[in-house]
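Pulled from Swiss-Prot, these are the features on record:
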type: MOTIF; residues: 9-19; note: motif ''HIGH' region'
type: MOTIF; residues: 250-254; note: motif ''KMSKS' region'
type: BINDING; residues: K253; note: ATP binding site
Amino acid sequence: MTVTVRFAPSPTGYIHIGNTRTALSNWLFAQKNGGKFILRYDDTDVERSREEYAQAIAVDLDWLGVKPDRVEYQSKRFDVYGKAVEKLKQAGLLYACYETADELERRRKLRLARRLPPVYGREGLKLTDDEKAAFEAEGRKPHWRFLLPNFEADPFDTQRTEVHWDDLVRGPQTVDLASMSDPVLVREDGTYLYTLPSVVDDIDLGVTHIIRGDDHVTNTGVQIAIFEALGAKAPVFGHHNLLTTISGEGLSKRTGALSVGSLRDAGFEPMAVASLAILIGTSENVSAAPNMESLAERFDLASISKSSAKFDPAELDTLNRALLHEMPFSEAQLRLAAMGICGEKAEPFWRAVRGNLDRFKDAVHWWSIVDGDLPETPDPSEEDRVFLEEAFALLPPAPWDHQTWKVWTEAVKAATGRKGKNLFMPLRLALTGQAHGPELADLLVLIGPERTLTRRP
């Protein structure tokens with residue numbers, strides 16, 4: 001058996017880091033088990049689904065390093081779902097209902113007032129052909145509900161009916177089908193809700209494992225019943241915890257908040273996003289994995305907590321810095337060249353500045369300092385100006401190397417009596433225009449004698 005998983009986003013908005021958690025969990029599970037990863041767009045909601053969102057999802061996944069083995073669109077598979085609908089109708093497991101939303105709400109309130117569970121009472125099953133014809137004469141069209149197998153002989157005498165599965169994350173799980181309403185699978189306009197196409201596709205595409213958020217736990221009991229009604233064995237399920245904002249709110253892809261695209265545009269490294277999406281809310285230490293291979297080694301569904309995890313953007317900043325500070329030049333070289341940072345100075349430059357970067361693009365700022373004209377620098381005090389004039393007069397002759405800074409500052413210290421911050425800060429400001437930054441021993445060599453002299457006060 002080939003392990004086959006799927007990530008099934010609805011292209012009604014941009015994916016956020018919470019969706020990324022699901023996508024990466026499936027991708028890494030497939031990688032660890034020599035399996036296949038299917039990207040399936042759940043685009044049966046024709047009104048809200050957009051191709052632009054589907055394309056954006058593909059771009060986001062590619063940026064993260066997720067490469068689907070197969071791509072499917074549910075909107076192109078309606079004929080397959082139609083056959084499943086007919087099979088369920090023939091088996092007497094799909095029945096027509098004509099209630100309006102208002103009528104259903106009134107019934108729900110009435111059941112609550114009678115201290116009954118607010119589940120659908122299967123009134124549609126009681127309709128005669130004449131009653132159905134009368135509704136349709138009024139212009140009503142039926143929606144279709146799946147008859148849950150929560151009774152022995154009489155569908156109006158429901159019995160506790162437990163569905164069990166061994167969840168990859170949560171362990172043994174049980175749901176009672178008697179506590180649920182028969183789910184609507186087909187809308188009045190003939191379009192399909194999520195549940196049926198999802199099951200049909202999982203059967204048709206050979207999905208062996210379903211890994212998704214724990215907001216689907218209850219759905220799983222219903223879907224297992226539909227799998228069995230269609231004569232198929234249900235896949236293995238795993239339900240990971242959900243990510244929330246710091247304030248505990250759910251993440252919404254339609255708001256664009258924390259979307260993968262916005263994180264990419266903000267300059268975060270893909271492995272920073274992937275590391276946090278996978279490791280947060282687990283027993284693993286949240287630290288940056290340099291590549292997917294190392295993240296896969298740390299990925300373990302059994303380590304995921306059963307409570308929700310709060311996404312803190314500050315953690316993403318920390319991981320991003322850690323990745324940049326350890327990134328080898330071989331990995332950074334092409335990206336640096338694309339920003340105009342190349343030549344023999346590029347590698348020593350990268351080694352010098354990477355430890356001070358929050359974002360990769362910040363390297364451009366430091367390149368302009370070592371290889372360009374310095375922007376305006378703070379005017380030194382008169383005392384510092386005199387000090388700098390004396391210091392620049394003591395610059396060692398070329399050629400310079402990494403000992404030049406030490407030789408120079410020791411000479412300046414001996415001549416001026418300054419030491420510590422009083423010595424180093426005026427020199428840093430004069431050379432870089434910045435109060436903080438990479439080691440000046442590294443920068444001085446990169447700036448070079450000629451450019452250094454232009455920064456003399």
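For all residues, glycine too, the Cβ spot is worked out from N, Cα and C.
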Mean predicted confidence [pLDDT] for the motif ''HIGH' region' (9-19): 93
Determine which residues of the chain contact the motif ''HIGH' region' (9-19) at the Cβ level, with the cut-off under 8 Å and only residues 6 or more beyond its ends counted. 41-43, 45, 48-51, 53-54, 56-57, 60-61, 213, 242-243, 250-254, 256-263, 273, 276-277, 311
Using DSSP, how many residues of the motif ''HIGH' region' (9-19) fall into helix, strand and coil, respectively? 3 helix, 1 strand, 7 coil
